[in-house]
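Structure, as structure tokens:
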Amino acid sequence: MTEELKNRLLSILKFVFAAVLFIAVVATLYHELAHINFKQTLEAFSKINRWYLVGLFICGGSAMILLSLYDLILVKGLKLDIPLIRVFKISYIINALNAIVGFGGFIGAGFRAFIYKNYTTDRKKLVHAISIILISMLMGLSLLSILVVLHIFDASHIINKVSWVRWILYVVALFLPLFIAYTMINPIDRNNKYLGVYCTLVSSFEWLAAATVLYLSTVIVDINIAFTTVIGIFIIAALSGLVSFIPGGFGAFDLVVLLGLKSLGVPEEKVLLALLLYRFAYYFVPVIIALILSTFEFGSSARKYFEESKYFVPARDVTSFLFSYQKDIIAKIPSFALATLVLITSFVFFINNITIVYDGLYDDHHFAYYIMLSVHTSACLLLLINVRGVFKQSRRAILFVMISLVLIFSATIYTYASLILLSWILLIFILLILAYRRSKVMKRPFRLKRLIFTIILSMLVLYVNHFIISETLYALDIYHIEMDTSLLKYYFWLTILVVVILVGIVAWLLGSRYTRPHQLEDLSRCKSIIETYGGNYLSHLIYSGDKDVFMHEAQQAFLMYRYKGNALVVLGDPIGDTKAFQSLLIDFYNYGEKLGYDIIFYQVSDRFMPLYHNFGNQFFKLGEEAIIDLTQFTTSGKKRRGFRATLNKFDDLNIQFEILEPPFSKDLIFQLKQVSNQWLDGRNEMHFSVGQFTEEYLQQAPIGIMKNEEGKVIAFCTLMPTYYNEAISVDLIRWLPDLDLPLMDGLYLHMLLWGKDKGYKAFNMGMATLSNVGQLNYSYPRERVAGRVFEHFNGLYRFQGLRKYKEKYSPNWEPRFLVYRKDSSLWYSMLKVMRVIRHK
């Protein structure tokens, strides 16, 4: 059998053992809890003095401080240059987390290695010291097991009934002398020969502190058992929890304590309540404190400290890849901690809905209580659905949570007025104020799938909330008010109404300030950039008047875009110095992220696809643009006789083509307006990706016109200078629809010949939408569906047959793409673009 196979079999056996043990513990615990009267448990809890609870929670939070001595010994032994206050804070955070998800202390050991490696160059010595701390956590129990064997702590009622427990205590007790001997023979260095002894003593005090918290929990619920007996039961229960490999010993520890106290004649209801208080005081309270400390201890300052550490610099090249992720994780700890606190707050106050209903049932002012219940529930729901927003440091989410806390605070004062909970709300509110001031993101981009998920989650949470309230009241056999005479039957809809009102108010407050950003009245700088660095096929549309401009900080490049529907839709590629494009996009994406806007690029070329890809985008091919090589274009030859026939027909009708330079007279504008109105036939102008018929736009470039023999304009096209690849393009092409003449062909042919005569090398005929898009069976279904929507719901222009029409000019086809974020929906992004194009 190979070594690899042995290790694999050993891992499987460990997993099977842990799983079987866990199932057995759960089954036994379920059997024991099935006989418990939960009504009596709740009644016993309601009779507990609240100040006793506060004292217990303080003891639980303080007990974790003893574990900081591990880190103090470590820092002093290795002579690490860390302020003591920082050591205590980091240690408290590590130990609180380790208590919940410790897996035998490995989580805590990993965090210690992660934090302290930046303060030493001798990583081997650090790992050795941490391993001693890890093992010594068990040695404390070994020392206490010796005291149980010596009957200093009394567990005889368990040992006498279950004989194999005695042998487990003997075996565990033997670990201590072996560990002490090993650490003294193989110390980390000469100066730390007694490190194992010191850590064992710390471990012993820590286990005794935890046992004391359990004893105080039993005292509070009126269990009269001697201190030494409770400690003895605790030690055996702690050993059971360690053997189970379950984080925190959940299940195994509780089962042993339950059976141990039950064998002494203690009612199960009291034991359950004592265990719940112990778990809350020794595990939950320290985690809360650790989360609060994390919001201050980690972040930009800690990140900067690690980056500037003299021990980190030499290893930067070696570990830069891993460290790049580690420092990002450290920076996110404060927001994660605050989001967790908000989540806990939401759950706690959802549970307190039971108290409001209970008080309302016995109060004469039922309506006031149930209105408060709706407000309270709405606020709790807003806390829950904004947890992710708080983690993402969204100001809007933080503002939602702050408003929700104000409502919960008001409802709490009116109803059950718990001083502990009111203090908790104030603490979280202060943390949120600090987070709001640090936040640089106004809101997160809107996502339809996120909205659907939020609605489903909200409905589910409200249903579960109602179910828990009704089942709790039923289980407690509490008097019920008739639903027909109570406002309680409208509770669900009142909650929805309050949520909608709150969301609407906050959305309006934030949204009204950021609707048309970066409007630019003076386009002279844009014109200068185009003349200096060149433009593209769409750069002339800067003069259409329906776009905003995002300018590069050094004014070397810019973007044309439009704000619509919580999105910034950019037209084409950036314009200007290509060397400035990356920094321009970084600034633009930072700006969009700050305000919570989606960023979509429309009709971009494939020149800068790698650049767009770097920003986490994906692509959809919109179609292909027809580019005619004017150096090869001709009307001569057999294949071009159709072109010659068209031109000859216009000559026979004495229809003339002419290029006019601006400025244009009022009379000409009036004639062009008449042609445009008849061509539109009551339809609205399109926007954004094409120009509109406005005098300001027409005055920016030459216009090609076709006149009949009376000199009346019957067709026209507006030129689009590109300052790019010696190319020319046209924008508006309009003619009198009543005339049975191929006027569009005539305009194109005359423009092609004119452009060739003027020395241009390329002519852009525009895009054939969905050309070669979603045509194969292997194409993404969503792309084919989105392409059909984009094609059939764009009513002004007909794209069917457009490629076939342009093919007769023998163009070269260049692809054009839609660029959108990878976490955004394709069809929803295209709908946003359509809104921009179809609405001014």
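Using N, Cα and C of the backbone, Cβ positions are placed for all residues, glycine too.
According to Swiss-Prot, the protein carries these features:
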TOPO_DOM  1-8  topological domain 'Cytoplasmic'
TOPO_DOM  30-52  topological domain 'Extracellular'
TOPO_DOM  74-89  topological domain 'Cytoplasmic'
TOPO_DOM  111-129  topological domain 'Extracellular'
TOPO_DOM  151-167  topological domain 'Cytoplasmic'
TOPO_DOM  189-193  topological domain 'Extracellular'
TOPO_DOM  217-229  topological domain 'Cytoplasmic'
TOPO_DOM  251-271  topological domain 'Extracellular'
TOPO_DOM  293-335  topological domain 'Cytoplasmic'
TOPO_DOM  357-366  topological domain 'Extracellular'
TOPO_DOM  388-394  topological domain 'Cytoplasmic'
TOPO_DOM  437-450  topological domain 'Cytoplasmic'
TOPO_DOM  472-490  topological domain 'Extracellular'
TOPO_DOM  512-840  topological domain 'Cytoplasmic'
TRANSMEM  9-29  transmembrane segment
TRANSMEM  53-73  transmembrane segment
TRANSMEM  130-150  transmembrane segment
TRANSMEM  168-188  transmembrane segment
TRANSMEM  194-216  transmembrane segment
TRANSMEM  272-292  transmembrane segment
TRANSMEM  336-356  transmembrane segment
TRANSMEM  367-387  transmembrane segment
TRANSMEM  395-415  transmembrane segment
TRANSMEM  416-436  transmembrane segment
TRANSMEM  451-471  transmembrane segment
TRANSMEM  491-511  transmembrane segment
Taking every residue in the topological domain 'Extracellular' (30-52), what is their average pLDDT? 69
Sort out the residues at least 6 away from either end of the transmembrane segment (168-188), same chain, that have Cβ-Cβ distances under 8 Å to it, and list them. 77-78, 125, 128-129, 132, 135-136, 138-139, 141-143, 145-146, 148-149, 159, 194-197, 200, 236, 239
In DSSP terms, the topological domain 'Extracellular' (111-129) comprises 16 helix, 0 strand, 3 coil
Highest-contact recorded stretch vs the transmembrane segment (130-150), from 53-73, 336-356, 367-387, CB pairs under 8 Å: 53-73
Segment-segment contact (the transmembrane segment (53-73); the transmembrane segment (395-415)) at 3 or more Cβ pairs under 8 Å: no
For the transmembrane segment (395-415), the distant same-chain contacts (Cβ-Cβ under 8 Å, at least six residues beyond its ends) come to 342, 345, 349, 352, 355-356, 359, 368-369, 372-373, 375-376, 378-380, 382-383, 386, 388-389, 421-422, 425-426, 428-429, 432-433, 435-436, 439, 441-444, 502-503, 506-507, 509-510, 596
The transmembrane segment (336-356) and the transmembrane segment (451-471) contact flag, 3+ Cβ pairs under 8 angstroms: yes
Residue counts in helix (H, G, I), strand (E, B) and coil for the topological domain 'Cytoplasmic' (74-89), per DSSP? 11 helix, 0 strand, 5 coil
Counting only pairs 6 or more apart in sequence, are there at least 3 Cβ pairs under 8 Å between the transmembrane segment (451-471) and the transmembrane segment (194-216)? no
Is the topological domain 'Cytoplasmic' (151-167) packed against any residues at least 6 beyond its ends, judged by a Cβ distance under 8 Å, and which are they? 144, 226, 228-229, 231-233, 235-236, 260, 263-264
Using a Cβ cut-off of under 8 Å, list the residues of the same chain at least 6 residues beyond the topological domain 'Cytoplasmic' (74-89) that approach it. 65, 68, 112, 116, 119-120, 122, 125-126, 129-130, 133, 188, 191-192, 195, 293, 297
Positions whose Cβ lies under 8 angstroms from the topological domain 'Cytoplasmic' (388-394), at least six residues beyond its ends: 332, 335-336, 338-339, 342, 400-401, 432, 435, 438-444, 596
Taking DSSP states H, G and I as helix and E and B as strand, how many residues of the topological domain 'Extracellular' (251-271) are helix, strand and coil? 15 helix, 0 strand, 6 coil
Contact set, same chain, for the topological domain 'Cytoplasmic' (217-229): CB under 8 Å, 6 or more residues outside the stretch: 44, 48-49, 52-53, 56, 152-155, 157, 261, 264, 266, 270-271, 273-275, 277-278, 281
